[in-house]
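Straight out of Swiss-Prot:
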- 97-189: disulfide bond (DISULFID)
- 5: N-linked glycosylation site (CARBOHYD)
- 265: N-linked glycosylation site (CARBOHYD)
- 1-25: topological domain 'Extracellular' (TOPO_DOM)
- 50-57: topological domain 'Cytoplasmic' (TOPO_DOM)
- 80-100: topological domain 'Extracellular' (TOPO_DOM)
- 121-139: topological domain 'Cytoplasmic' (TOPO_DOM)
- 159-196: topological domain 'Extracellular' (TOPO_DOM)
- 220-236: topological domain 'Cytoplasmic' (TOPO_DOM)
- 261-272: topological domain 'Extracellular' (TOPO_DOM)
- 293-314: topological domain 'Cytoplasmic' (TOPO_DOM)
- 26-49: transmembrane segment (TRANSMEM)
- 58-79: transmembrane segment (TRANSMEM)
- 101-120: transmembrane segment (TRANSMEM)
- 140-158: transmembrane segment (TRANSMEM)
- 197-219: transmembrane segment (TRANSMEM)
- 237-260: transmembrane segment (TRANSMEM)
- 273-292: transmembrane segment (TRANSMEM)
């Protein structure tokens, strides 16, 4: 109520992507295909983990939550982008804009925490294989997931409430394809220093520290594997960490660059491209990087298909 009492505008205008009119249809088809790939890939992972008891392990508990987070993360922004591209109506109500920002932060933060949990799970599995079951107990894993949801909900609500207290005057044009927090702060006509300090401090806790923990976990994994100096060991280290670290670097690199270390001469096009990387590309790649190409998931898919063909097959 506070935000609505102080603001003199009822909606914002999302400029969307800087593309030419003749490219609209092609871009619409491309983003629709990427969004459907994200939905189907992540839904398949969730269903397989739910149906196959062989996948009821800590790693796949984290993976199922990551897939749900990716699915929701993309669904917060991409449907509105597709709607605007199709209808040529860039407006979004004030309340809807804050709601979109809230859930964007929630699921983005949740992904950050889950990536840390997955890195720690791999660290324990490779460096302490004999103690894996004792360390990664069901209670610990469920507690980590529950705590991640609580912390991300609190963080998203904090930023939403701080944004709602700001005044927005004449300028309501957001040069972005979603209600980005930094873009909204630039439109505010009241003091935003508190918001900026909270972004910097909480961003360090939510983004930078998890990123460093992930790098530390994978560094220990590589160090542990390379203690056996063999070509096979090196290949195993690279296959274990290389693809995972590429997605982690893509996600955290763009987030840190956009929100914690913004460039003074940063252009709207550059910011939009960087945002597309972690809102569209990363959620689409995660199912392929983390799950769909490994033997456990392929085996689970085969077992589920066989059970559907022969219900009496155990």
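For all residues, glycine too, the Cβ spot is worked out from N, Cα and C.
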Rank the disulfide-bonded residues 97, 189 by how many other Cβ atoms lie within 10 Å of each Cβ and give me the one with the fewest.
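189, out of the disulfide-bonded residues 97, 189, has the fewest neighbouring Cβ atoms within 10 Å.
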If you run through the topological domain 'Cytoplasmic' (50-57) with DSSP, how many residues end up as helix, strand and coil?
5 helix, 0 strand, 3 coil
Could you tell me whether the transmembrane segment (197-219) and the transmembrane segment (58-79) are in contact, taking contact to mean 3+ Cβ pairs under 8 Å with a sequence separation of 6 or more?
no
Going through 101-120, 140-158, 197-219, 273-292 one by one, which has the most CB pairs that fall under 8 Å from the transmembrane segment (26-49)?
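If we count Cβ pairs closer than 8 Å to the transmembrane segment (26-49), 273-292 scores highest.
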